Amino acid sequence: MMADGFPWLTAIILLPLVASAFIPLLPDKEGKLVRWYALGVGIADFVLMCYTFWHHYDASSATFQLVEKYDWVPQIGFSWAVSVDGISMPLVLLAGFVTTLSMLAAWQVNLKPRLFYFLMLVLYSAQIGVFVAQDLLLFFIMWELELVPVYLLVSIWGGQKRRYAATKFLLYTAAASIFILIAGLAMALHGDNTTFDIVELGAKNYPLALELLLYAGLLIAFGVKLAIFPLHTWLPDAHGEASAPVSMILAGVLLKMGGYGLIRLNLELLPDAHIYFAPVLATLGVINIIYGGLNSFAQTHMKRRLAYSSVSHMGFVLLGIASFTDVGVSGAMLQMLSHGLIAAVLFFLAGVTYDRTHTMAMDNLGGIGQAMPKVFALFTAGTMASLALPGMSGFVSELKVFIGVTTSDIYSPTFCTVMVFLAAVGVILTPIYLLSMLRQVFYGTGAELSCNINNGAYENQEDEGTACFGTDCLLPGEAVYRDASIREVFIAASFLVLIIGVGVYPKIATQLYDVKTVAVNTQVRQSYTQIAQSNPQIYAKGFFAPKIVEPEVMAVSGMIK
């Protein structure tokens, strides 16, 4: 029910969208007023989220809260239905936090600033809409609405191959989202009543064959967004060409839509099919971890290396979802939140580095840590978080996933051991490619007495208008020595404070969703028990779980032993 009779979630969704409509009316050609206006709207919406959840959300309840439902097209059962629970509420806060800081990170945008901030606010609303939609058709509309601003943000404000990267992103995600629409229609039309309400869809009984088809289709749709191998190839191109603020949202929020969809629809609505697909998810998770790590190490472009790092880290989300344990599913949720913060700050700092050096080629960098010590220190802290250093949020989330897989009583010990061992190999790769990136970019001997910039000799290395770092000295002539500004330090520090806070005291985050993840995992385990009784060969032959043994009847007492 609506708290105090006020539609809080609707207000949170519509505030950025309605505010974006006034941007063309602002008397501002250079964008100075527009950026302050957009930032103010973002802050106001985030404050509204915090107020709403602080006063009207009960973290001890696993049910949907702040429910709003208004009939939209009653003839087909379509309604404006929104709500939050332990799965969606933390992701709403993540979206608000990352998007607001990304608008602050875009302070230097001077190309079509009105259009840029208009698209950022529309994207803000679409992200929130995806996470709070309780109607599957509304979920699909919000999912599609998010594609348009991202496409334009990449294709207009991106790099040299921006149109290729934006088109690839659009084709992948739009084609995959067709499966959401098909699955939604199939579930809505099944049975006697036609409805798109997610709660009512979860109460329907689907034939197992239909569930398996629905699960497979949704896995493809969400797998593209989550960058699951082999559906991930759009991600490195998009990150490589997108501006830093857009990359912050891509890695910090949009990837998490895929993980959210898997938990919300695949696990909650199709638990029987999840029993059969869980080993596939676990295997894909391990492949993601290793494949992403190896490819990341092979990249010489800084943002492409970080993009493949995201592919690797999303493998832990799949492992946790497939673990059948409370701690594993909780770890998957924490990994999404943790990676959202870590990836956002790393892509932001990569953008800060690019603003100074005008290159993402790590081979052309080296020694810039001497000239930009603040950027170096912040980048090092973000890197330590990404490689799961104890005391950082990444360590807690990955540890919980490992514990979840190790303690799973559904799979056989052999399968658990293989999965944990292979995932551990991927964890070993992480410091290799991240620390080597730090070495290439920030360490080195510093500037030489003479260096070649744009094929021109610069003898005076004291000129602050010239940046000649490292041994190659192939930076553009417009590169500068300038260290991080107060604004840039504030943005990075805002992320790092949360990363360290969750790493030191994980309950800051886990208390928001643990009740819900336990409820979801309990539902899936109940489905496993029912299926195992009727099909004792499930996960048989020793590779997965042992065969279910029939209860033994005691001859004397007639009791079940």
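Cβ coordinates come from backbone N, Cα and C, glycine included.
Lifted from Swiss-Prot, the feature list:
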| type | residues | note |
| --- | --- | --- |
| TRANSMEM | 6-26 | transmembrane segment |
| TRANSMEM | 36-56 | transmembrane segment |
| TRANSMEM | 87-107 | transmembrane segment |
| TRANSMEM | 115-135 | transmembrane segment |
| TRANSMEM | 136-156 | transmembrane segment |
| TRANSMEM | 209-229 | transmembrane segment |
| TRANSMEM | 243-263 | transmembrane segment |
| TRANSMEM | 311-331 | transmembrane segment |
| TRANSMEM | 332-352 | transmembrane segment |
| TRANSMEM | 375-395 | transmembrane segment |
| TRANSMEM | 418-438 | transmembrane segment |
| TRANSMEM | 489-509 | transmembrane segment |
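Residues 12, 35, 38-39, 42-43, 45-46, 49-50, 53, 57, 116-117, 120, 123-124, 127-128, 131-132, 243-246, 248-249, 252-253, 256, 260, 263-264, 333, 336-337, 340-341, 344, 348, 351, 487-488, 490-491, 494-495, 498, 509, 512-513, 516-517, 520 of the same chain lie 6+ residues outside the transmembrane segment (87-107) yet bring a C-beta within less than 8 angstroms of a C-beta in it. Residues 87, 90-91, 94, 98, 101-102, 105, 239, 243-245, 247-253, 255-256, 259-260, 263, 302-303, 306, 309-310, 313-314, 316-321, 323, 360, 375, 378-379, 382-383, 385-386, 392-394, 396-398, 400-401, 484, 488, 491-492, 495-496, 498-499, 502, 506, 509-510, 513, 517 of the same chain lie 6 or more positions beyond the ends of the transmembrane segment (332-352) yet place their CB under 8 Å from a CB of it. The transmembrane segment (375-395) and the transmembrane segment (209-229) are not in contact, since fewer than 3 Cβ pairs between them lie under 8 Å (pairs 6 or more apart in sequence). Touching of the transmembrane segment (243-263) and the transmembrane segment (136-156) is concluded from the presence of at least three CB pairs under 8 A, sequence neighbours closer than 6 excluded.
The stretch with the most CB contacts under 8 Å to the transmembrane segment (36-56), chosen from 115-135, 311-331, 418-438, 489-509, is 115-135.
Listed by sequence, the residues of this chain that lie at least six past the ends of the transmembrane segment (115-135) yet keep a Cβ under 8 A from its Cβ atoms are 9, 12-17, 19-20, 23-24, 31, 34-35, 37-38, 41-42, 45, 64, 67, 69, 78-84, 88, 91-92, 95-96, 99, 102-103, 106, 109, 141-143, 145-146, 148-150, 152-153, 156-157, 196-199, 245, 249, 253-254, 257, 260.
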